[in-house]
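Input: a single structure, listed below in structure tokens.
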């Protein structure tokens with residue numbers, strides 16, 4: 001009987017421990033779920049919202065192209081100084097790297113691109129671009145405002161951070177490969193994960209969209225000069241016509257996808273530039289063509305690059321012309337595909353679902369657009385997603401890279417809160433793993 005009583009006490013104690021552990025786990029999950037909601041409420045408060053709007057409008061009025069973001073960078077540093085957030089500058093020319101939290105590992109990063117586009121803004125409003133021929137037509141002004149908003153949220157809740165959030169303000173996303181230069185500067189060597197977003201004109205406000213695995217294509221640019229012998233259009237037999245050669249080159253380049261690529265391996269080759277003579281009756285000496293090539297596999301990008309050069313030089317030779325091909329690898333490096341980490345996808349769905357409701361977290365199909373965020377993902381686990389800003393009261397919003405592109409500023413709190421929540425929750429959820437590893441190392445010692 002005594003032994004039975006002991007067994008009973010042991011079972012009761014075991015059940016008590018299990019109940020206690022389950023209760024602690026449940027309580028911890030509830031606390032984690034509250035973070036995104038709390039951060040979004042804070043981001044929507046008039047003081048923080050108006051502050052982000054003001055920053056976004058200042059940047060929008062003074063757009064700067066890649067590696068020329070000196071005033072934008074100055075504004076970012078001034079705001080970080082006011083928040084008491086330390087940073088490194090300059091990084092990759094005009095880049096700024098801020099630090100919120102303990103200053104100790106683990107480290108997780110959020111990223112904003114800073115550069116504008118070389119185009120004239122055609123939207124007539126109070127804060128229209130003041131710089132002729134330059135415009136924030138891709139939302140990078142909003143991206144900066146949202147990461148600064150996240151910085152303010154994180155700084156206010158810094159006691160909740162079990163590690164350090166790294167704020168990456170990156171130059172030259174628009175073809176300049178600024179992310180590559182940030183990596184080469186060595187400032188992300190200890191980062192364990194990185195998050196980034198892009199504003200989306202065709203996703204409703206309060207919704208987000210992403211997918212695990214390949215999401216955006218890798219891309220490269222090319223330009224070719226095809227040289228022949230100019231002459232009078234009435235006597236073409238005395239000329240070597242580069243226009244005819246270039247026309248055949250363009251047609252032949254289309255066969256690279258339709259005849260050489262696996263139909264299940266999405267690829268694009270587009271010639272979007274064709275510059276020749278300036279007279280109706282003169283065959284020019286040379287013609288310049290240029291375009292882009294895209295694919296979701298690195299091997300496919302390498303193959304396309306090789307075949308583009310072979311087709312251009314080969315077809316030019318068939319028509320008695322010479323050709324030179326430039327891939328701009330120094331000025332416009334080839335972007336790898338954007339591939340979202342599958343574990344971070346689960347993390348994103350959990351955080352965004354807690355904030356917005358899981359029905360507002362959409363799966364999307366891969367796009368042939370490209371992003372230099374992919375350079376980060378080549379180095380460390382990364383996750384990139386699209387943030388909605390569509391609102392019926394605004395009417396139809398034009399897409400990015402349009403001179404009529406507009407930002408629905410009501411999206412700013414969502415972006416700021418998501419950045420802050422993804423980073424904070426990542427550090428909190430990672431901490432037990434870090435502690436476990438440290439205990440294991442201690443045991444081994």
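From the backbone N, Cα and C atoms, a Cβ is placed for every residue, glycine too.
The signal peptide annotation in TrEMBL covers 1-23.
Per TrEMBL, the feature Mn(2+) binding site maps to 138, 140, 174, 198, 401. With a cut-off of 8 Å between CB atoms and residues at least 6 apart in sequence, the same chain places 65, 66, 113, 115, 116, 117, 138 near residue 174 (Mn(2+) binding site), listed in sequence order.
Taking H, G and I as helix, E and B as strand and the rest as coil, DSSP gives the domain 'Peptidase M20 dimerisation' (218-313) the counts 38 helix, 35 strand, 23 coil. According to TrEMBL, the feature domain 'Peptidase M20 dimerisation' maps to 218-313.
Applying an 8 A CB threshold to same-chain residues 6+ apart, the list for residue 140 (Mn(2+) binding site) reads 112, 113, 114, 115, 116, 173.
Residues within less than 8 Å, Cβ to Cβ, of residue 401 (Mn(2+) binding site) and separated from it by at least 6 positions along the same chain comprise 117, 119, 137, 138.
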